[in-house]
Structure formats: C-alpha cells, structure tokens
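Visitor: Let me give you the structure first, and then I'll get to my questions.
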Amino acid sequence: MLNQLDGHTILIGLMAYPIRHSMSPTMHNHAFAKLGLNFAYLAFEITNEGLPKAIDAIRTLDMRGSNISMPNKQKVIPLLDKLDPATEMIGAVNTVVNDHGVLTGYTTDGVGMIKSLDDEGINIRGQKMTLAGAGGAGTAIAIQCALDGVKEISIFNQDDEFFAQAKRNVDVINEKTDCKATLHRLEDRDDFKAEIDDAYIYCDATGVGMNPLEGQTLVSDPSWFRKDLVVFDTVYAPRTTKLMEVAQEAGVEHVFNGLGMMLEQGAAAFKLWTGKEMPVDYIRDILFNEDAK
Ligand code: NAD
C-alpha cells in the first residue's frame, strides 16, 4: 500500500465506464502518499444507470468527492447542488467536491490545458487559437480559454452530431466572454488552412490520432504549419500522434501531447479536494515512467 490507510482515511472516487485503464488512481494515490495526506482514490465502474445511487453515496459515505468521466459528465449535473460558473457554461462536470453534504461540480480539463502550456512557458492569453473539436475536451478548452483571456477562437467541427455543440460553444463564448469566437466546417479545407495560418496555437481536441484512429491526422501537409505555431494534441496515447509527427516534420518548435493537460486537470481537482498543490513534477515522472513499465 502507498498509504497507511486507517479509520480516518478519506475516500475520493472516479465514476465512469469503462475506467480500468485510467491513470488517475495512480496519479492521485502517489500524490497523497508523497504529501502524507490520509486520502485514498478508487475507480468505480459506473454507468448512467448507476449514477444517481453512486452520487448519493458520496454524501452517505462522507466521501470528499469524485472525478466523473464518460458517460456521466453531463448526466451528473442534475444530481449536484451547485456548479461553478465556468462549469455551468461548459455544461459538463469532471470533478465533484463534497462540502458537508453539498455537492459542487467543476470541470478542470480546460484549466489543465492552459496550465500545461503555462508549465512550458507558453502563454496563450491575448492570442488567437484555432480549435478542432467540440466534444467534452473541445468544449472545456474553448470556454475556459475564452474565460481566461484568449482573444479569438476559430472552432472547427465536422458535420456530425457535435456540430450543434460547436455552434453552442461559439454562441456562449460570444455572449458571455470578451473573446471572439467563430464557427467553421472542418470539410472546408481552404478555410481550415487559412485559420491555422492565422493562429498562434492550433489545438486538436478530436481524438483523431488515438485508437481507433491511430496514425490518422486532420492535417497531413507539413506546409500548413509555421515553425512558430504552437501545436497541441489532447491525445496522450500514443505519446506522439501523427499530427505531432507532421508538426515536427514542419520544424514546429512547440508541439505537445495531452499528457500535461491530463496531469494538470488532475492537479486542479487535487487542489479542490485537499487544498494542496499536487507535486506535479514528481507525478509527471511517475506517469512518464509508466511507459517503461
Ligand atoms: P468526444 O467524443 O466528446 O468529442 C469528439 C470530437 O471529435 C467531436 O467534436 C467530434 O465531432 C470530433 N471527431 C470525432 N471523430 C472525428 C473525425 N474522424 N474527424 C474529425 N473530427 C472528429 O471526445 P472527447 O471526450 O472530447 O475526447 C477527445 C479527445 O481528447 C480524446 O482523444 C481524449 O482522449 C482526449 N482528452 C484528453 C484529455 C487530457 O487530459 N489530455 C482530457 C479529455 C479528453
């Protein structure tokens, strides 16, 4: 055991399905142990059907909270007492905090993305972002970036069920933040190329490049990328996606996968539960070393 568990141990959950592959238990339990915090983090396979009882168990068992992942990120909202304002705009929850029976929902994915860039010395505030995707990750990134001072966001989505969400994201950003958002169709390749060319950062939040779309990319021509563009892929398995390879071939200096985002979204949740900073450099080493295991 990492921790010396006893009668005072405070439980944090992760409620999702499927979930056995998640790195979050490793991340949080190592962080608790490193800081000597008497907490334990456990993953529970919870579908939409089991969610109401599972959320109620947070109160019943006096858990400090839980992470929430697919397929429960939206379904959890009516089961909570409060949402923080950014989370209300995003419309999805990945972290629940229990304050003496009052459950508040937060979304830390967007915060994590921005913090992971800060960690690398990249400041996207005041800049223009071109973003592909409007699912869970794309929505959290778009709205948090708009709230945190990104000046302009061009949101691209293919013509599927997420296009309406992309439109909603654009409308929410334009109504409620100082950022200017525009909606674009991914099928319009000339427009896509021009908007990437005009941006400081290109972020792919589609999951293209990850299993079952591993080896694929929305941009396969290195000439689309300037050397001073920042290229960010939310995918972290594989560590180097096809998009990242194309960007590296183009000579782009700042190319990132989603591992830093994953780490920092966890650190933000950790802070909400414990009030402490996660020892991110220590945890980063452990997570990167997972590759070697
Ligand atoms: P989602 O299913 O909610 O959304 C998928 C988005 O990608 C939609 O906008 C959809 O239209 C688009 N899309 C799907 N297939 C496409 C294709 N073939 N071509 C173009 N667009 C396509 O998924 P999500 O939860 O937002 O996750 C997206 C990716 O982000 C995944 O790879 C996930 O692992 C990653 N992610 C990473 C982190 C992190 O911390 N790094 C956090 C959340 C999600």
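Each Cβ is built from the backbone N, Cα and C atoms, and glycine gets one as well.
Per TrEMBL, domain 'Shikimate dehydrogenase substrate binding N-terminal' is recorded for 14-96. What TrEMBL lists as shikimate binding site is Ser22, Met23, Ser24, Ser69, Asn94, Asp109, Tyr236, Gln265. For Lys73, the entry in TrEMBL reads active site, proton acceptor. If you look up TrEMBL, you'll see Gly133, Ala134, Gly135, Gly136, Ala137, Thr234, Gly258 marked as NADP(+) binding site. The domain 'SDH C-terminal' annotation in TrEMBL covers 258-287.
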Visitor: With H, G and I counted as helix, E and B as strand and the rest as coil, say where DSSP puts Asn94 (shikimate binding site).
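Guide: It is coil.
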Visitor: Can you tell me how the residues of the domain 'SDH C-terminal' (258-287) break down into helix, strand and coil by DSSP?
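Guide: Residue counts for the domain 'SDH C-terminal' (258-287) by secondary structure: 24 helix, 0 strand, 6 coil.
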Visitor: Among Met23, Ser24, Asn94, Asp109, Ala134, which binding-site residues lie by ligand 1, judged by Cβ under 6 Å to any atom?
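Guide: Passing the 6 Å Cβ check against ligand 1: Asp109, Ala134.
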Visitor: If I take the alpha carbons of Asn94 (shikimate binding site) and Lys73 (active site, proton acceptor), what is the distance between them in whole Å?
Guide: 6
Visitor: Just the number: how many Å between the Cα atoms of Lys73 (active site, proton acceptor) and Gln265 (shikimate binding site)?
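Guide: Their Cα atoms are separated by 15 Å.
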Visitor: Let me know how many other Cβ atoms fall within 10 Å of the Cβ of Ser69 (shikimate binding site).
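Guide: Result for Ser69 (shikimate binding site): 20 neighbouring Cβ atoms inside 10 Å.
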